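The structure appears below as structure tokens.
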Amino acid sequence: MLKFIKNIFKDSNTRELEKLQHIVDEINSLEPYMKKLSDEQLRDKTREFKERIVKGETLDELLPEAFAVVREAAQRSTSEKFRHYDVQLMGGIVLHQGKIAEMKTGEGKTLAATLPVYLNALTGKGVHVVTVNDYLAKRDSEWMGQIYRFLGLSVGVILNGMTPRERKKAYQADVTYGSNNEFGFDYLRDNLAYNPDDVVQGELHYAILDEVDSILIDEARTPLIISGPAQETTKDYRKFNRIIPRLVKGRDYEVDEKNRTVHLTEEGLARVEKKLNISNLYDDQNFQLAHQLNQALKAHTLMKKDRDYIVKDGEVKIVDEFTGRIMEGRRFSEGLHQAIEAKEGVAVNKESQTFASITYQNFFRMYDKLAGMTGTAATEEEEFIKIYGMEVVQIPTNKPMIREDLPDVVFRTEEAKFKAVAEEVALKYKKGQPVLVGTVDIEKSEKLSRMLKRKGIPHQVLNAKNHEKEAEIIKKAGQKNSVTISTNMAGRGTDIVLGEGVKELGGLHVIGTERHESRRIDNQLRGRSGRQGDPGSSQFFVSLEDDLLRLFGSDNISMLMDRMGFDDDQPIEHKMITRSLERAQKKVEGRNFEIRKTILEYDNIMNKQREIIYEQRKKILFASDLKEYIMGMIEMLVDDIMDTYLSSEVHPDDWDIDGLIKYLSEFNLVNINEEDFKDKDREKIREELIKIATKTYEEKEAEIGKESMQKLIKNLALRIIDRNWMNHLDNMDELRQGIGLRAYGQRDPLTEYKFESYDMFNGMTGTIREEIIKNLFRIEVKEREINLDPIMLKRLKYRRNFLSNRANRPQKKAKRQPIVKPDKPGRNDPCPCGSGKKYKHCCGR
């Protein structure tokens, strides 16, 4: 009875671990048998497993035996003689189940992943192991590749700079390693290809994401973008860079730090309009100027040097707020980067046009099965379940965790806090205990460094400015008397090994100088200490002037301190303070989750359209005969034409035959005249139009030959689809920027976005049909050899578009108006664009 009651009160994670333990016991029971096998017999198990899968055995049924094979192979094939611990077996099972395994630092996530990778690779569909950078992809493919190759599986790696041929070969391997960037960009590049041989990626079957929280949460708002140079607008950014410093905060503009937004006041707007010599900044013709002004305001008021970005070698480089690293090759979106370049006095690059884009959220959800591993995921489990359908299972450590996490120490001012941190570091240094101090940005790390220099304490500083020394600095961080000051760079993916005699001193002591918005980032910093059962300790020093408490904390804290009469230098330890910190972090985490969820809701609409376009493109690219495709397109176009000029809703006497003849003349159709449509009903006219178009197609094909015709159609169709899709992406961006203001009119912005984007998409697909048929019929063939150059991908600029959660959030009080359209005509009125069509069949589609 007591056991039954205990089972009721067990948490879900404990119950899950008990289920996993049964499978682990089964794997362990097979170990003696596996040890008796020769290398050849062990390797032959791969062939045997594949045959059993063909006969109908499931991967779940194979799992215990396959995992036992991998464990034995690891001991025989690696120089380290790796043997998977039971907790690593548990992690491997969780990954196979398409869940997230939370495994603490130093617990061997990389080795644990070899188990489900091998098992799932047996299907022959390929497995992708996704890391956060090229270095880890290359290292892990070589390191863990020893195990796979020993068992007869092929291993590939995708790295930046590889040729399409090299990439294709890597994807054809049983196991493919690569960074999240490379996998995402290959998907986009494949959907810009003009030759089937240039498509490299293949099917998306099963992926394991290392540091899954970094990829799916921290970078969820960071779309992958392939872009090219657009119009020249750099002079306007320089113009605003001269105007904004003359504006006064509070009088001319207001800044909302909590929501990271800025907007002009009425007085500021009048001042700017006077300097620009325009009457209304928010007129339609000044839309671009208004947008650039807004970005320039953000650059000057919200974006901070040495926190959000650094200037290095005459370039503005983004600093990742979660990792503290430089984000090479990435640029802030929507002109913000250009505004910062103007602010910092470096060369202002041209803005760009988007050719293709996708978010990590939608890219990785395309996999049949997705799993992930990280040291910090439990705090974000709700998001993983709701967005990705992935549960989080917390895997116990192989050895008990003995790190001591001390209570936070709170000060009234930032100055007092850093003074106390410096004194704490001095005490630890005198004792000989190594210390790692985490700061939130470069500026704070340099401030603390100056304080330690004044105390005569030797130390190392690790931040985005000297990231090339990272390996050397981290290598020494666990030695006696070592003091390391680091931004979040040391918070993830680093393994600090303790030097001789350090365990006796208490291990590595970690000091956090500020609470991050996310508890995960704090936990990552703590996790640098106490790895694999080592001793260690951690403590956070915070102040009421820190951004988290200042912007999201309760005002009651300051009132409490005033009543209790605390001095600035006096540390505070109070349950109310601790609770307030926790509430503030949870509040911000929930808020950021809602932002990511909203972005995904909008992106899902775009994603459906992307899937339709890319599927159409894929069919064209791989088709051997496109005549049927063109015939289907002709029928759809004829239906559009009939609805426009010969509507069934009007009497035949009112049909616009003249307009029809004029429109058809643009297509170079053969033998067409007004007599063809006299005294005929709609169906007869429809049949006649299809017949004429078909005859035109056949004559064109006879003139240039079937093979050349197929080549012509393929290149023409792909080029027209790409051009219209690019324009559509720009139009959707403009719609998205202005749609939030619909809320002021008591209309749901998301619903409005759905309807308008649907109309825009239908209009684009109709334009694609029209342009393909019109261009196909109008092309004059000078020679039998048709040579249409595709878009030159080499000229495209591959970059990451960084949507900063600090600078691209929707404005609370926006002054810029949404995209203004003229009074909307009736659906049956002539379209105001002058095409001669009805509005519903032209711009109203």
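Each residue, glycine too, has its Cβ placed from N, Cα and C.
Of the residues proposed, Gln75, Gln88, Gln524, the one Swiss-Prot records at the same ATP site as Gly106, Glu107, Gly108, Lys109, Thr110, Asp495 is Gln88. Fewest other C-beta atoms within 10 angstroms, among the binding-site residues Gly106, Gly108, are seen around Gly108. Long-range Cβ neighbours of Asp495 (ATP binding site) (same chain, at least 6 residues apart, Cβ-Cβ under 8 Å): Thr105, Gly106, Ile474, Arg531. Cβ packing within 10 Å was compared across the binding-site residues Gln88, Thr110, and the lowest neighbour count falls to Thr110. Among Gln88, Gly106, Glu107, Gly108, Lys109, Thr110, Asp495, the residues given in the record as binding ATP, the maximal Cα to Cα distance rounds to 18 Å. Within its own chain, Lys109 (ATP binding site) has Gly91, Ala101, Met103, Asp210, Met373, Thr374, Gly375 as residues 6 or more apart in sequence whose C-beta sits under 8 angstroms from its own. Gln88 (ATP binding site) falls within a helical segment according to DSSP. Listed in chain order, the residues near the ATP site other than Gln88, Gly106, Glu107, Gly108, Lys109, Thr110, Asp495 are Met103, Thr105, Leu111, Ala112, each with its Cβ within 8 Å of the site Cβ centroid.
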